Amino acid sequence: MQLIFNKILGLSPWTRNKKKVRTFSCVGTCYNISISIALILLGVYELLDDLFADEFPGKLIPLIIVKVMFITVLCASFIPLVYIIKQNQLIRVINRFKDVDRVLTKCANYEQKYDNTNIVIFSTNFFATIFLILILDACYFPVVRILFENLPTVISGGVMIQYAMVVNKLNKRFDIINTIFSKLGNLKLNIASPQIFSVTQVALSRGFVINEVDNLKYAFVELCEMCQDTAGFYGISVLISILCFAERIIFCVYLSLLPTLKLGIFETIWQVTAPRLIWIVFVFLVFTSSITTIKKQTSTLAKTITTLRDRSIIDDKIVEKVTFFD
């Protein structure tokens, strides 16, 4: 469902196999370009239409509203094109999750963690978009206006939710690394006896511990590079999305205040405006919380490493390898 929804919005590569990118990119490129062209044509149509002139007071206000919305639609039309240009970067990030998982499963203290956060986030955003935005608007406005007003924010919301979900997947792997390192804190060294891992009661040789740290180091480096690639891929799209949401918030606030200004006969449709604002708040909360969480994970890892060194429970060679994570 996630893949289909993202492809419909032009927010997904059409294959995860780099060897087939050229074959599938023809279809995906044509589709994404058609979305961009459709958005621009829709904006031009509304720019030339006088629909807003009949609903808002004066001549200047409707003109400003339409032009601001047109600029928003124009900006949103670049997002599907970004996915075409940078799709290899996103494919690389998606495929590297398997490599990281493969290495982490080699660790003796690896524990599979099941997290339904992304499913809840996607489901909430999907149903909010379909029912609270599109279907609810259909009860009050014509189709052309629904598409003109909502497509930029729907695409922008998809970008920010998708970015948050990728960051959550990265955060899950960082959490696994933190858990494995924290269990290394239970490792007791004795000169006359082998290393004993107190939690799992499995005898660990010094060489095995070094190998464990090497695996964690590889996974950590991969995750850091994936974070950089993710930020590089979504950077422009997120900026455009924030711009689209800013326009939507200003427009909703204006509609809310318009009746109190008494500039004309206008009634705020709260059953349409309120769900839009709630959805925007939800998207921003998900987006910011995912970024904050991953920063906490890296901070926790640094504290765990410091604790291991201060307790002097690992020898110099292992300390040298562990210091890398600082």
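Including glycine, each Cβ sits where the backbone N, Cα and C put it.
Where the annotation comes from TrEMBL, it is an automatic prediction and has not been curated.
Residues annotated as transmembrane segment in TrEMBL: 21-48 (among others).
Within its own chain, the transmembrane segment (60-85) is flanked in space by residues 9-13, 25, 28-29, 32-33, 35-37, 39-40, 42-44, 46-47, 52-53, 148-149, 151-152, 155-156, 159, 236-237, 240-241, 243-244, 247-248, 250-251, 254, 263, which lie at least six positions past its ends and keep a Cβ under 8 Å from the stretch. Annotated transmembrane segment per TrEMBL: 60-85 (among others), in sequence order.
Per TrEMBL, transmembrane segment is recorded for 119-144 (among others). When Cβ-Cβ distances below 8 Å are used as the criterion, the transmembrane segment (119-144) is approached by residues 1-2, 5, 42, 45-46, 51, 150, 153-154, 157-158, 161, 164-165, 168, 269, 271-272, 275-276, 278-279, 282-283, 286 of the same chain, each at least six residues removed from its ends.
According to TrEMBL, the transmembrane segment annotation covers 150-167 (among others). Under 8 Å from some Cβ of the transmembrane segment (150-167) lie the Cβ atoms of residues 5-6, 9-11, 39, 42, 72-73, 75-76, 79-80, 93, 118, 121-122, 125, 129, 133-134, 137, 230, 234, 237-238, 240-242, 244-245, 247-248, 276, 279-280, 283-284, 286-287, 289-291, 293-294, all in the same chain and six or more residues away from its ends.
Positions annotated as transmembrane segment by TrEMBL: 233-257 (among others).
Feature annotation from TrEMBL assigns transmembrane segment to 277-294 (among others). With a cut-off of 8 Å between Cβ atoms, the residues of this chain six or more beyond the transmembrane segment (277-294) that come close are 121, 124-125, 128-129, 132-133, 153, 157, 160-161, 163-165, 167-168, 170-171, 174, 227, 245, 248-249, 252.
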